[in-house]
Amino acid sequence: MKSLNSSYISRLDHIRFFAASMVVFVHTYTTFGGKLSDNYIIRFLLSGDTGVSLFLVLSGFLFTVISNCGNKHIDYKTFIFNRIVRIFPLFVLVWITAMSLARGNATFTDALSILFFSNLQTSPLLTYFGQTWTIAVELQFYLVFPLLVMFLKKFGVRYIVLLSVFWVCWRFLIVSFFRDSLTSVGMMQTHYFYLTMLGRLDQFLIGMVFGYLYCNHRNLFTNKWLLFISLFLVFVGQTYLHEIGMWYLADPFTSTLSYVEAIIWGLFIISYACCEIKIPKAIDFTLSRLGDLSFSTYILHSIILYSFHKNIGILNITNGQNINAVCNFVIILSLILIFSKFTFELIEKPFLSLRKRYV
């Protein structure tokens, strides 16, 4: 999506679409009968939860680039205003829906979860639109980003690197101490860091580091072979991290591996953004427009996916269970994109016209 504050990098919108599609795939594939497979592509796509991490690293990268590593002064109020008009219109839609569905039990405190805390376990947003937890984490990062990028300018990239390492060590200590005392029936043992800044701030920070490299050393990342290496690391590394249960084990060492996950995505983002390989204009335009729809796709995909499954069921297109699930994914993704186009044009886009320059 084009920004008022920096030159447009269309390839970042390609990545947004890819990240949203990964999340949609893993939810659709498992819902529509797909099983574990020896097929390596499916094994990789089943790590689709890592698409969330890709979004977070991309956020840190993008805002660092927009601010030119803090060399452009950020007007804090306007920055927050732009983030609000970008996120809250669609967020309010799902909040109204969630509060309506939870009206019998919802409290005033639950209603306030729209303000930066949709990742709380009791939030109706988390109950009915589980993926909105990431919005809370993003909003919390937005609040501190202008300060972080100011420190980046003042103390250099070394400060951001050391802060990210400190955060991983801090998480290691917290998980070491609390791993046996914060579990409950029906709740993932890792929710207290999987769904919160405790487990995610370092991923934003890694994005900032790669944003710094893009601003100052992008010539080092133009070689097409670096892109191929990063793709190899994405396919092999992210699949491995998923299959060893990186986000699903309340283990101190395992909790640090999301740092590696972020580095892999950071390398992919910068190598894809800088690579000299030319993308045909038609493909670039199409992927960019699909990237525009990524927020709606991510936030609303579950309601479309599960409504289709409940009312129509699994479409039997082929005999192979896994291939059939993939075919259903293609159909569901197409429907989600069509619906997302409407919500983008009717809900998101009008408010996006209110954005202002903040650097």
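Positions of Cβ are set from backbone N, Cα and C atoms, glycine also.
For reference, TrEMBL has these:
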DOMAIN    11-340  domain 'Acyltransferase 3'
TRANSMEM  12-29  transmembrane segment
TRANSMEM  41-66  transmembrane segment
TRANSMEM  87-108  transmembrane segment
TRANSMEM  128-152  transmembrane segment
TRANSMEM  159-179  transmembrane segment
TRANSMEM  191-213  transmembrane segment
TRANSMEM  225-250  transmembrane segment
TRANSMEM  256-275  transmembrane segment
TRANSMEM  329-347  transmembrane segment
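When Cβ-Cβ distances below 8 Å are used as the criterion, the transmembrane segment (159-179) is approached by residues 148, 151-152, 189, 192-193, 198-199, 201-202, 205-206, 208-209, 212, 250-253, 255-256, 259 of the same chain, each at least six residues removed from its ends. Beyond the ends of the transmembrane segment (329-347), by six or more residues, the same chain brings 21, 24-25, 28-29, 32, 89-90, 93, 290, 292-293, 295-297, 300-301, 304-305, 308, 315 to within a C-beta distance below 8 angstroms of the stretch.
In this model, the domain 'Acyltransferase 3' (11-340) carries an average pLDDT of 89. The transmembrane segment (41-66) shares more Cβ pairs under 8 Å with 191-213 than with any other stretch in the list 191-213, 225-250, 256-275. Counting residues 6+ beyond its ends, the transmembrane segment (128-152) has Cβ neighbours under 8 Å at 23, 52, 55-56, 59-60, 63-64, 67, 69-70, 74, 76, 79-80, 83, 87, 91, 94, 97-98, 101-102, 116-120, 159-160, 163, 195-197, 200-201, 204-205, 208, 212, 298-299, 301-303 in the same chain.
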